[in-house]
Amino acid sequence: MSEAAGEIRNDWSVEEIVTLHNLPLLELIGHANAVHGRHHNPNVVQKASLLSIKTGGCPEDCAYCPQSAHHREVKLTKDRLMQPETVLALAKRAKDAGAERFCMGAAWRQVRDGKEFDAVLTMVRGVRDLGMEACVTLGMLEKHQAEKLAEAGLTAYNHNLDTSPEFYGEIITTRSYADRLETLSIVRSFGIDLCCGGIIGMGETIRDRASMLQVLASMRPHPESVPINALVPVEGTPLAAMPRIDPLELVRMVATARIVMPKSTVRLSAGRSTLNREAQILCLVSGANSVFYGDTLLTTPNAGIGEDEALFAAIGALPHEAAPLAAE
């Protein structure tokens, strides 16, 4: 198959991606591994740490999210925006534990100018001064705000598509798909890397998964980072009763993402704590080359650092070098 060559394409059709996704599993993994080896050192796995810097009270109605103010049955402690010195102390701790990227998430619908945004800029500058990559997820933003983030040295902005355009309305009604794409366009116009992926296991079809990947792969260039999340059902959210996905579904999604976006960093994200060591290794063989590292991802559990250290030692993983500051 030509896909094994790992050519960069922006013209994938949904049908092509569905066919690719549904290949016999070993054949799919073989193609994905070949593409991965052509564009990446297969032994390098980036470790990213994720911190919720402002928790709960979000006005969005995302069906999967415990931080939504719409889901009043969720037992979640709401917290105001953390102080920069507290965040930077945790970033230093994450770096000392081996993390190379520090991601900060605020449960906002959109960025608003003022003291809180200024505090986020201070956090970004501080993380970069530690020699780490800095990523934030803050919701929608305007051009002047993206410019300020770029000036602060922000490496990447996370803004996920979550799912396909066709299934999106079943999951979120308070923000349109077009809103998300506009935010991504603004971010990229200021030279900030895109961290953009989605979630599987929310009731979508295989075609929905392929459609989401098609939207991502049509971007020029492809997103620099593509997080692949498996739904973590949370009591009190509309998706609380959804069954856990089969780990091999996550393997297929990772492998397909790797083939259609050969140069992107594919990040194994939420839901990893439910995978045993062998399933995680299978995802890495299939093209994942980054994981979220730390005990908690925003408000959901993650694999423990000790478990991860044992995993990386077992596979001989090498560290990823943080991106340099623009002035360097």
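Cβ coordinates are placed from backbone N, Cα and C, and glycine is handled just like the others.
When secondary structure is read from DSSP and collapsed to three states, CYS58 ([4Fe-4S] cluster binding site) falls in the strand class. Counted within 10 Å of its Cβ, the other Cβ atoms near CYS58 ([4Fe-4S] cluster binding site) come to 22, all protein chains included. For CYS58, CYS62, CYS65, the entry in Swiss-Prot reads [4Fe-4S] cluster binding site, with the evidence type sequence analysis.
Same-chain residues at least 6 positions away in sequence with a Cβ under 8 Å from that of CYS135 ([2Fe-2S] cluster binding site) are, in sequence order, ALA48, ARG101, PHE102, CYS103, MET104, LEU154, THR155, ALA156, TYR157, ASN158, CYS195, SER225. Annotated [2Fe-2S] cluster binding site per Swiss-Prot: CYS103, CYS135, CYS195, ARG267, in sequence order, evidence recorded as sequence analysis.
Sequence annotations record features per position, and here Swiss-Prot assigns domain 'Radical SAM core' to 43-272 based on sequence analysis.
Rounded to a whole number, the C-alpha distance linking CYS65 ([4Fe-4S] cluster binding site) with ARG267 ([2Fe-2S] cluster binding site) is 19 angstrom. Secondary structure at CYS195 ([2Fe-2S] cluster binding site), as computed by DSSP, is strand. Regional average pLDDT for the domain 'Radical SAM core' (43-272) in the model is 93.
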